[in-house]
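**Q** Below you'll find the structure I mean.
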Amino acid sequence: WRMIWEKRVEAIVMLTNVDENGRRKCEKYWPGDTERGSHGEFEVSCIDNTTLGQIIRRKFKISHQSYPNRTQVVVQYHYTAWPDHGVPQTTSELFNLRRIVRTEF
């Protein structure tokens, strides 16, 4: 969250799932839909969660303890259909993801 705050990142694209075939593939670094997470000096809350086919778009509001009057919004685009091994069978959803991100940013 520090890098997102310092560089004022507006979008994150995630291509892996947290768990695949019963194995942990990455850490879930974001809070759930109605949760608020504390990460050191940062507080992160999910303010929107929308499913767009095989893509989940989550919006997070980030605040910093030292800057109480400043908040930042970052959008995570989570592509949920990348297989554990190999590549997706078609490219249509990946191009859809690319189109969505480019349209919004």
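Note: Cβ is positioned from N, Cα and C throughout, glycine not excepted.
From Swiss-Prot, for reference:
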type	residues	note
DOMAIN	1-105	domain 'Tyrosine-protein phosphatase'
BINDING	D84	substrate binding site
**Q** What does DSSP give as the helix, strand and coil breakdown of the domain 'Tyrosine-protein phosphatase' (1-105)?
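**A** Helix (H, G, I), strand (E, B), coil: 19 helix, 46 strand, 40 coil.
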**Q** Express the predicted model's confidence over the domain 'Tyrosine-protein phosphatase' (1-105) as a mean pLDDT, rounded to an integer.
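**A** Computed over the domain 'Tyrosine-protein phosphatase' (1-105), the mean pLDDT is 93 on the 0 to 100 scale.
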**Q** Taking 10 A as the limit, how many CB atoms besides its own sit near the CB of D84 (substrate binding site)?
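**A** Counting Cβ neighbours of D84 (substrate binding site) within 10 Å gives 11.
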